[in-house]
Amino acid sequence: MRRFVYCKVVLATSLMWVLVDVFLLLYFSECNKCDDKKERSLLPALRAVISRNQEGPGEMGKAVLIPKDDQEKMKELFKINQFNLMASDLIALNRSLPDVRLEGCKTKVYPDELPNTSVVIVFHNEAWSTLLRTVYSVINRSPHYLLSEVILVDDASERDFLKLTLENYVKTLEVPVKIIRMEERSGLIRARLRGAAASKGQVITFLDAHCECTLGWLEPLLARIKEDRKTVVCPIIDVISDDTFEYMAGSDMTYGGFNWKLNFRWYPVPQREMDRRKGDRTLPVRTPTMAGGLFSIDRNYFEEIGTYDAGMDIWGGENLEMSFRIWQCGGSLEIVTCSHVGHVFRKATPYTFPGGTGHVINKNNRRLAEVWMDEFKDFFYIISPGVVKVDYGDVSVRKTLRENLKCKPFSWYLENIYPDSQIPRRYYSLGEIRNVETNQCLDNMGRKENEKVGIFNCHGMGGNQVFSYTADKEIRTDDLCLDVSRLSGPVIMLKCHHMRGNQLWEYDAERLTLRHANSNQCLDEPSEEDKMVPTMQDCSGSRSQQWLLRNMTLGT
């Protein structure tokens, strides 16, 4: 009896696969006669699902753990690309991934006539497995009628397998894949410009070379551009672990911002944006800035808005420059929450830059500050004083672009697009806060959130001793505010919450006192127990409770 049941199961399974084979054979043979683009678009995804063994390493985005015996070899290979190359090479180039979209996204219907796109991917000495996994994920999870081409821009790679071997391999793929070779190491910005110039699609989609696109990633991006060609759209960027290549869904409740040092940062989506969307998390999020690695833009609009600043070097700052330019010049920037693309986030870069990473990024950031930030560039210069010594080249062409596009001032951007910015729109002072008694200055000591603010000899060089007393009566250093939560308690640096309370300080310009409103105590000099941190004491009017708020300027 058991044998009979077993035979029936085997026969049923075999019959099912025969029917699948027949279906695919008929489907392929009739594909050229098919007019329904949506039906054709099912082919790559269907083929990928049927062909995948979901029990293999890394399938469904699961972590790959390397045995102890191979740990030393794994560590050596890790140094090549600054991610676990051994784990990556064990994973199939077209591995399966979970559907991490919100439930409401899975049932959305998009217009039939969407613009097509060229996908531009820049690489330099990229690992074979991560580069090809990026390409396969684009091809397998994109409707082919929307995929004009994939353009791989080789930024002067030195590895042999990225030469003829790669050229021969991509010829076998079912979507046109073009390889463009840069004559010399040019960096991400100029390589992307080269790829964009060669593109034919109505939309350009930029991806990094170590990404994985998920099911339904492309249609929501293109649909939003179809609605408004001046909208630049980004997917939610999911995290691919650099250690295990585990695929982890990113949050739809964060958006892009930046701090005084012009470092891109993720911050919680504010309530005002949730209210604008009426609580519908499947609607796009308006974001002040983008991370810059992954986005789609109408090709003609990319030209109209000024592409990239070609005077910038290699990488860094181009994402904020483009973000400011889009918003200030009449466009909009959004995170489309129904689109998910994974990205390998590395703890360190494997690349070297001429002059060093810091020099390159400082030059790029100074260019964007000079062109787009108006008087608010002082926040950047004062907290990063070394930047003013960097030669940033000629920005006259970019300033002319701003004039021709009739772009709005940076104050408008802060007021209307990023009102919760870490840069206050109105403030009383920007510079040092000096104690009259000790002649020492408040100093953040390079400390992080939840740590005590310090006090140190004044050096007049900005940096860690730059604080802003804002019109909202906060004392800010970068994106942290001075906070006191209990009587005589320590002065802690916490994320600015803009709700006053423990972060509200009253400065008396006559008595020179800084009174904490909630505790009704005054900021005082350090105690004998710890001479490196200020204290909170009952207000007495003593010299030790007197502070000079000085505006600082640096020659630029």
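Note that Cβ sites are derived from N, Cα and C of the backbone, with glycine treated the same way.
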Say Swiss-Prot lists ASP155, ARG185, ARG346, TYR351 as binding substrate: which of TRP128, TRP217, TRP315 is in the same site, per that record?
-> TRP315
For the Mn(2+) site that Swiss-Prot assigns to ASP208, HIS210, which of the candidates HIS340, HIS343, HIS359, HIS459 is also assigned?
-> HIS343
In Swiss-Prot, the N-linked glycosylation site annotation, restricted to ASN94, ASN140, falls on ASN94
Looking at Swiss-Prot, which of CYS407, CYS458 bridges to CYS441 via a disulfide?
-> CYS458
Which candidate, CYS234, CYS407, does Swiss-Prot give as the disulfide partner of CYS329?
-> CYS407
Here the binding-site residues are ARG185, ARG346, TYR351, and the Cα closest to that of CYS496 (disulfide bond) is found at ARG346
Helix, strand, coil: count each for the residues of the region 'Catalytic subdomain A' (114-224), based on DSSP.
-> 45 helix, 28 strand, 38 coil
Closest of HIS210, CYS338, CYS441, CYS481 to ASP155 (substrate binding site), Cα positions, recorded positions only = HIS210
Which of the recorded positions ARG346, TYR351, CYS441 has its Cα closest in space to the Cα of HIS210 (Mn(2+) binding site)?
-> ARG346
Name the one residue among ARG185, TRP315, HIS343, TYR351 whose Cα is closest in three-dimensional space to that of CYS458 (disulfide bond); these are the binding-site residues.
-> TRP315
